[in-house]
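Let me begin by presenting the structure, written as structure tokens, before commenting on it.
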Amino acid sequence: MSFETLGLHPKLLQVVTELGYEQPTDVQVQAIPLALVGDDVMAGAQTGTGKTAAFALPILQRLMTLPPLVEQGAPQQGAKIRALVITPTRELAQQVFDSFIAYGKYSDLKVAVAYGGTSMNVQIKALRAGVDILIATPGRLLDHVFVGNVSLANVETFVLDEADRMLDMGFIIDINRIMKRMPAKRQTLFFSATFSKQVKKLAFSILTDPKMVEVTPENIAADTVQQMVYPVDKKRKSELLAYLIGSRNWQQVLVFTKTKQGSDELAKSLGLDGIKAVSINGDKSQGARQRALDDFKAGKVRVLVATDVAARGLDIQQLEYVVNFDLPFNAEDYVHRIGRTGRAGNIGHAITLMSLDEEWALKAIEELLNTRLPQQWLEGYEPDPSLIETVSVHRGASAEKRRAKSKSKIHQNRGKNAQRRR
Ligand code: AMP
């Protein structure tokens, strides 16, 4: 399948050629023709599948070739945008904006981005100059809508990107407020990596006769990602991480921690081990987060430590290693995290450092993925058997039985020191 056969405009074909895209990805093959004819689309596609181009290319084409649906007659208050994309995070908004700018290089369409943590004035100036396509996070979009900087009354195409994350982040009220301000007759493109009951409910409440697009089976992690779990004692995790990065010469590593404090502490501790690391989390200013990301992308720092919220939407080309320093509270977050690697067909590695008290979280992930993840006990970093005993007692199991079992397990694993597939 080629981009030509999808019916794309010559100006867009030129751009994808210049970007070196040889052929459309699965989600592009399926979604672009539907979006081009104006259908509503409900797409199950995670980051890294090329989903941004799957909605950006058809939007650009429709706006380039079709006259505005609503005549721009009497002056209304605020910029009258024709396409709106909302994303859960600032970083993703910026990346989607960058993609629109790149793909729309040969069009006259005006694209703007609006997210929190940065000056309203710059955004107001852009909106006043006239905008066709606006990419925004929900809160900042509503700030502009409420004071009349932008009107959603003429929106012809609406994209809800990473809908599952929007719900996780508590944006449902904002989404409903935004929906109320858009015309009922519009095209809606709905993208989500996972489809829980709530996500489906939201999808069916805002889509009209949607066509389904699914590129990976529901809730399945990208198969270009090699996954490995290393059981280790909690207090030895940062030591093990430094060892893995150093001894295996990992050059660009994205590490996930559960808490903001944890991300700062880990970056510091890696620094003490001589590994250049920087953390990004919600406590940092937008400028600081962007600088950290730029340094990481440029190879100035080797490790980027992030919380789930801060990392959402990061697009780092050819990222080889993602490390779960803490297991995520929600199994779905694991799918999002490891979606940062193995992108656009490259092989990636997702490494999980699991302490005993996190076994429940691994179980939840394995249930979600419907698979068992391979585990390996690393020589010198095997979990301390006395801790296994403590946890067993805590769980109310027979201490003796558990102790015997865990000790024999350690013995076997030490003996074999081989990859263990459960
Ligand atoms: P996304 O899933 O939209 O975040 O895209 C992931 C990455 O794949 C981005 O860096 C895109 O530039 C890249 N990409 C998108 N479409 C293609 C394609 N057809 N061929 C090669 N790379 C692509």
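Glycine is treated like the rest: Cβ placed from N, Cα and C.
It should be emphasised that the depicted structure is a prediction, and the values quoted were computed from it without experimental measurement.
Tertiary proximity for the motif 'Q motif' (1-29) is limited to same-chain residues at least six positions away from its ends with a CB under 8 Å from its CB atoms, namely 36, 43, 45, 49-51, 53-54, 57, 60-61, 64-65, 102-103, 105-107, 213, 215, 344. Sequence annotations record features per position, and here TrEMBL assigns motif 'Q motif' to 1-29.
Among the features that TrEMBL reports, domain 'DEAD-box RNA helicase Q' is placed at 1-29.
According to TrEMBL, the feature domain 'Helicase ATP-binding' maps to 32-213.
TrEMBL lists 224-386 with the feature domain 'Helicase C-terminal'.
The feature region 'Disordered' is assigned by TrEMBL to 393-422.
According to TrEMBL, the compositional bias 'Basic residues' annotation covers 402-422.
When pLDDT values are averaged over the domain 'Helicase C-terminal' (224-386), the model yields 86.
Per DSSP, the secondary structure of the motif 'Q motif' (1-29) breaks down as 16 helix, 0 strand, 13 coil.
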